[in-house]
Amino acid sequence: MVAICIKIGERERKRVHIMLLAYTWKTRVSSHQCNKSPIFGLFAIQFSNICSNLLLLQQKLSMGLSRYLSRRHHWVIQYCGLLLFLYLIYSYVATSNDGPNLHEDIPVFQGQGKDRANPNPPAALGDEALDPFEKYRGHEKIKWEDEAAYEKEKRREGPGEWGKPVKLPEDKEVEKEALSLYKANGYNAYISDMISLNRSIKDIRHKECKNMMYSAKLPTVSVIFPFHEEHNSTLLRSVYSVINRSPPELLKEIILVDDFSEKPALRQPLEDFLKKNKIDHIVKVLRTKKREGLIRGRQLGAQDATGEILIFLDAHSEANYNWLPPLLDPIAEDYRTVVCPFVDVIDCETYEVRPQDEGARGSFDWAFNYKRLPLTKKDRESPTKPFNSPVMAGGYFAISAKWFWELGGYDEGLDIWGGEQYELSFKVWQCHGRMVDAPCSRVAHIYRCKYAPFKNAGMGDFVSRNYKRVAEVWMDDYKETLYKHRPGVGNADAGDLKLMKGIREKLQCKSFDWFMKEIAFDQDKYYPAVEPKASAEGEIRNVGTNFCIDTQFKEQNQRFGLRKCTSDDKDGGGEQDLRLTRWHDIRPKGRKICFDCSTSVDKAPVILFDCHSMKGNQLFKYRVAQKQIYHPISGQCLTADENGKGFLHMKKCDSSSDLQKWAWQTVDNELLETRQANEAKEQE
């Protein structure tokens, strides 16, 4: 220190530099706008003022000491004092951090709008900056139901009103045009064009939802619809459903993110429509310059959003009545809560709106297929109360902008689609947040069918790469189980994971073992890492025809029947090695596609459908004594066609009918009896 001071003292001619130090630093900090750290910026400006005042004080002191010390010694003392002061300030800044800086060296994706809600406000601004939702607590609870809107919609008439199904006119030209639109969209877009953009839908909420009370003051929302080549009327109906069924004081904006669509109707005509119908003040369109994919499309919409809460929806949706307050109220109570609505069904053929079910918890199997877990007994007792869900379905959820950006938004290393729902779900739970489903918030969704309308993204196996990124960052040692069940994932190149691992470290997130034991605590019961032994397996021979059930490697929604048993005809081929699993469903060996019957009519069809391990339509019981395969939901028994050539169906049980008698190749009677007894207890 002394040596430096003497050296500086020898350079008296440059003493003006030190006097300019404070001014220069202050100017640079101000012009930079303290982007990296608002707190540091405020501190820097104050520090520069202190430096300036210190120099003025030094000048006064030097004037008072001039009669005792030489001019050279004056400057030596001043320089040494200033260096000592700088050293003390540096020591204070370097050691005064009481906790992890959650945003250091981690880019935060914020939009540049002047009205933007700052997702990471400086702690120095007070409690409201740390928790901006404090102002929404403590208010009276009110009913947000818009009775006038209900009455108005009740008077509507026309195709598809009240969510009723619509049929195509019987006309060859219409059928031809409808088929063309079907192939282009994956749903019946011709029917969509027949239905009003403002159509009414059936209120399919639980009856008690109409009596629910929510905070009288709730945060504002930005609703984000990413889309690519969406059919125009379906997209606009999604928009109008949100506008018509949302309190105007809560709906700040709707953002349509056009992911490089080429359809002419989605270009300038879309913006002209918004302007002509005077909704361009609330609906704005963002357009990408290249194909970004669903994940980055959502991220871009979030960056541009100005609402306090971000709501992500698919662009082929219709919001139900009073859908918004149930999503917002839990977030107002705790901004780290993510809320998902119940997702109902818009039929891809007829546009009928119908409920999917009355709730289930989201989960996954070890090949990373999205699955559902049954509600706990406690959750079933409160049909209107939000309940914890380990994993979101992906396309429908509400999250505070503050929490979304604290989590780093979506991992921008994920391409197109796939894995984003696991990535966000895991980090919400593991990083000290919570995720719930809100039964009184319902949004209907079109599940595309028959045709895959979009071009290949040309990015190789992006889904495996996405899964690898999620596994490497969040799943710890459990990732090996995923790699075992989905081998392509383990060999994929995950890319640079430094940023996402840095977020996990700085947020001090919990382990995946904690997630599996505390949040997805019963997943192993329904989707175990090791497949449990089957109760019965092998061929299922029909006594009346002496033929065996053959699923013939068919896919979802396809029917099947009987063929000559492969044990009788070694060259016959087919798919006859079946399993009666611990979940009481019947599936071909090595495949997760199950026997399914959804109706109780006479001769109800039996189809193949993705296994969900939740019983219901896929629950079958083998009655050993009668050799019947009983379906409790329909109350009927599996029946073969008389000549053995038709499809299998369900029919009223008749113990005397050989067409309803089935002989499994191998049956573990003790295991079967135990499992069926346990299943009966669960139903009590």
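Glycine residues also receive a Cβ, built from the backbone N, Cα and C atoms like all the rest.
Among the features that Swiss-Prot reports, topological domain 'Cytoplasmic' is placed at 1-74, with the record citing sequence analysis.
Swiss-Prot lists 75-95 with the feature transmembrane segment, giving sequence analysis as the kind of evidence.
Sequence annotations record features per position, and here Swiss-Prot assigns topological domain 'Lumenal' to 96-684 based on sequence analysis.
Taken residue by residue with DSSP, N198 (N-linked glycosylation site) is part of neither helix nor strand, so it is coil. If you look up Swiss-Prot, you'll see N198 (among others) marked as N-linked glycosylation site, on the strength of sequence analysis.
What Swiss-Prot records for N232 (among others) is N-linked glycosylation site, and it gives experimental evidence as the kind of evidence. A helical conformation is recorded for N232 (N-linked glycosylation site) in the three-state DSSP classification. Every protein chain considered, the tally of other Cβ atoms within 10 Å of the Cβ of N232 (N-linked glycosylation site) stands at 18.
Averaged across the region 'Flexible loop' (448-461), the predicted model reaches a pLDDT of 68. Swiss-Prot lists 448-461 with the feature region 'Flexible loop', giving similarity to another entry as the kind of evidence.
Feature annotation from Swiss-Prot assigns domain 'Ricin B-type lectin' to 581-684.
Across the fold, the C-alpha of N232 (N-linked glycosylation site) and the C-alpha of N198 (N-linked glycosylation site) stand 14 Å from each other. There are 15 other Cβ atoms within 10 Å of the Cβ belonging to N198 (N-linked glycosylation site). Sorting the domain 'Ricin B-type lectin' (581-684) by DSSP state (H, G, I as helix; E, B as strand; all else coil) yields 21 helix, 34 strand, 49 coil.
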